[in-house]
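Trainee: Before anything else, here's the structure in question.
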Amino acid sequence: LLSPQELRSGRFWQGVLAEVAATLIFVGVVLGASAAPGPLAPALAGGLAAGGLVCSLGGPQANPALTLALLCTRKLSALRGAAGVLAQCAGATLASAAARAALPDDTGLVTRVSAVGTAGTALAWETFATFQLALAAFAAAEHAAPQAGLALGSAVAAGALAAGPFSGGSMNPARSLGPAIVTGVWDDHWVS
């Protein structure tokens, strides 16, 4: 499981750094856009950021849910998966700390279960949105970077718009964990 050769590999550490950077950028963009009223700005910002990151960095997951899906399908080693998740959580926490310093009253930082439904309804929508994102990620892995970026960016935006009214449409545990760590707000955190 733990290969010393893999730990000494420059490629391994480049991948870890790419996960930190991509998650920091993605979460920072989404949190900045979340200061705007309504769900459209964060959904579009997240979709555009995800698409751009895939095209520019070559496909970091920037999302523990996607990393877990890759682990479960044996497309990623346990070491790379664990390092990736830790890197994603670190990037999200750094982005959340910066956003908290810049945004008034923690505006838009924490995803919340809305008054539209129950926590169960929010979980169902969050699960659906994350599933369609994972499906797009697996399909996009077979295509060239521009098509992959478009597919993933569109899936992020569509999922955020569909699940947003119920759960905030995070589809990304790191995006939800970073702000929860920084603000100390854990209400219905298990949903996202």
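Cβ coordinates come from backbone N, Cα and C, glycine included.
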Trainee: Match it up for me: which of 12-34, 127-149 does TrEMBL list as transmembrane segment?
Mentor: 12-34
Trainee: Select from 40-60, 61-81 the stretch of residues annotated by TrEMBL as transmembrane segment.
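Mentor: Going through 40-60, 61-81 one by one, TrEMBL flags 40-60 as transmembrane segment.
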